Structure formats: C-alpha cells, structure tokens
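Asker: For reference, TrEMBL lists these features for the protein:
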- B:Asp7: active site (ACT_SITE)
- B:Glu68: active site (ACT_SITE)
- B:Asp141: active site (ACT_SITE)
- B:Asp7, B:Asp141: Mg(2+) 1 binding site (BINDING)
- B:Glu68: Mg(2+) 2 binding site (BINDING)
Number of protein chains: 2
Amino acid sequence: MRVLGVDPGLTRCGVGVVEGVAGRPLTMIGVGVVRTPADADLGHRLVAVEQGIERWLDEYGPEYVAVERVFSQHNVRTVMGTAQASAVAILCASRRGIPVALHTPSEVKAAVTGSGRADKAQVGAMVTRLLRLAAPPKPADAADALALAICHIWRAPAQNRLQQAVALHASKGRTA
Amino acid sequence: MRVLGVDPGLTRCGVGVVEGVAGRPLTMIGVGVVRTPADADLGHRLVAVEQGIERWLDEYGPEYVAVERVFSQHNVRTVMGTAQASAVAILCASRRGIPVALHTPSEVKAAVTGSGRADKAQVGAMVTRLLRLAAPPKPADAADALALAICHIWRAPAQNRLQQAVALHASKGRTA
C-alpha cells in the first residue's frame, strides 16, 4: 500500500510517500515540500500547489492520498490558506480517482507517538525511527506529511474492517 | 468588460456573468448555480465544482473573475467549505491566466446598494434593477454572484487608476 501524505499549506505544503502494510516495517519512498512565494497572488499560489501535487502524483503513483483535516479554531489567516491548499490537494487526487482520507492532527500524533498531544519534535523523532531514517526530515511540514501517510497505513485496516462490518450488517438487514 | 462573479459554496456555488463598463447600463449574460450533493464526499464535491466552473469559463469566456473574499469569523463548518470552493474557482481562472479579484461581502453590498450592511433582499432588488431583470434571480447565491460581477465592473476603474498612480510614483522614485 503506497500512500502520499499531504500537510497542506500555501507557503510550505509538506508531501511524503510511504509504502507498507500495518504490522510490517514501513519504507519512505519520497519526501519534500511544495513551496509558493508569499508575495505572489492567491491564484498563482494555488496553481503552483496544483502543479506541485500533480508532479508528486505522476512520479510516485500513490494508491491513497492522506490529507490533514483542517479546523478553523486556529489562526484565521493561516487557516484560510491551509483550507485552500488542502482543497487543491484533494481535488488533484479525486480527479484521478485516487481515494482521499482526511486525518485530524491529533489522530496523526496518536498514531505515530501514542499521544494525540505530542509535540513536533516527538512526531519527528517517531517518523525517523519508524521509517529508519538517518535524521528527522526537515522542515517539520515534510515530517508531518510522512506521519500522515503512516497514520493512514495503520488506520486503514481498522477502517476497512469497520466498513465491512457496516456493509455486512446492512446486507443482513435487507435479507432479514 | 465581461466579468464572471462567483459566490463560492459547496452545496450551492452562485455564478453570474455581467457585461458593461462603469457609467453605462450593464447587461446580464448568464446566471446560475453549480450544485454538489451534500452527502457526496469532499473530493467528489470539489471535482464537481471544478467541472461546473470550467463549463462557465468555456461558455462565457469572461475577461475577469470576481470571487467573494472568505472570512473565518462565520460558522466554522460552512467557512471551510466556502474557502475550499473558492480555492477551486480561483484555481480554474488563474490556470487560464484570467485575472481574479476578491471582494468582501460589504464591498459588494456597498457597491450595489450604497450600504455595506444591506440585507439579501436589498441586494437582490438592486441587482434586478441594475440589470433590468423581470424578477430577482433565485436563489440568493445567484443574485450575489451577479452583485459581485457588478461590484467588480464599478470598482475596476478606481483600482486601475490607483495602480497607475502607484506605478507612476514608483517609476518617478526610481528615476529621481
């Protein structure tokens, strides 16, 4: 299972590709950051994010894309840019028929560190350990993108089992 | 000057095309709503918004696109969808090299009614009058999209004069 994690942002959009299945060692396939100039206008920045995400989808052909779910309780200006960058990432994947999953920051932290309130350093340290890297990926947005991909690989089996149970229950309901 | 106004939203994205110049009667060229099903997943909804906006750009070939500037002081859930739909509209226009302008709701209301705090009915009534329509466009999102386009046509000369003045000042500064 190959997953592209996206930590959305207009100035820095973290991207990381991880391959593996739950319960086995995971492999980092690629990591990086799509950047857009802060002084460019919003339209040009969104086009640059789209081109960047398209390149990552072309190059790595992920089967799933995991994007951080954006909440608006944070800083107002930042959140708008984050929501808009995430929309572009979700659009690029969906247009190709690649399933997109949204995970909250605390789900991601809990998945890789065991605590939903872990700090950036802890997430970076665990990503480094789980992917057997020589050093934590920089910047933090890149590490967060890898953490999103890991979170998705580990949560997917549980989600699939849940969906199967719901589907089974629904089909029993219909035949009863 | 032909302007496509977009009142962004995931459930209903208002779109309206107006042609004209400041100081002359304006003409409505088209009006409508791009809808996406509330029960579809976010990715599919964003793809549907993209396809809808692309159709309007193809069909009407606007020279400018005016999109409502999104603020996050409103309802949290709505604002995320609005920010994401606006990102798609801005992306579609920018990708084609069409200039995009953002206008705040109060700028739009002030432009068409004279008051930044006018209500929906007042905006609808003025849009109807200014475009010499038989009845207010429905739903309100469609009327708001037309108001955005009118606002852009009327504000553009002032914005252009300001930009020219700034450019002139900057060039004088360099040669001084």
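The backbone N, Cα and C atoms fix where each Cβ goes, and this holds for glycine too.
Any TrEMBL annotation is an automated prediction that lacks curation.
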Asker: Tell me, if you would, which residue among B:Asp7, B:Asp141 (active-site residues) has the fewest other CB atoms within 10 Å in the structure shown?
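Answerer: Result for the active-site residues B:Asp7, B:Asp141: minimum number of other Cβ atoms within 10 Å at B:Asp141.
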Asker: From the Cα of B:Asp7 (active site) across to the Cα of B:Asp141 (active site), what is the distance in angstrom?
Answerer: 6
Asker: Do you know offhand how many angstrom separate B:Asp7 (active site) and B:Glu68 (active site) by C-alpha?
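Answerer: Pair distance, Cα basis, whole Å: 6 Å.
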Asker: How many other Cβ atoms are found within 10 Å of the Cβ atom of B:Glu68 (active site), counting all protein chains shown?
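Answerer: Within a 10 Å radius of the Cβ of B:Glu68 (active site) lie 26 other Cβ atoms.
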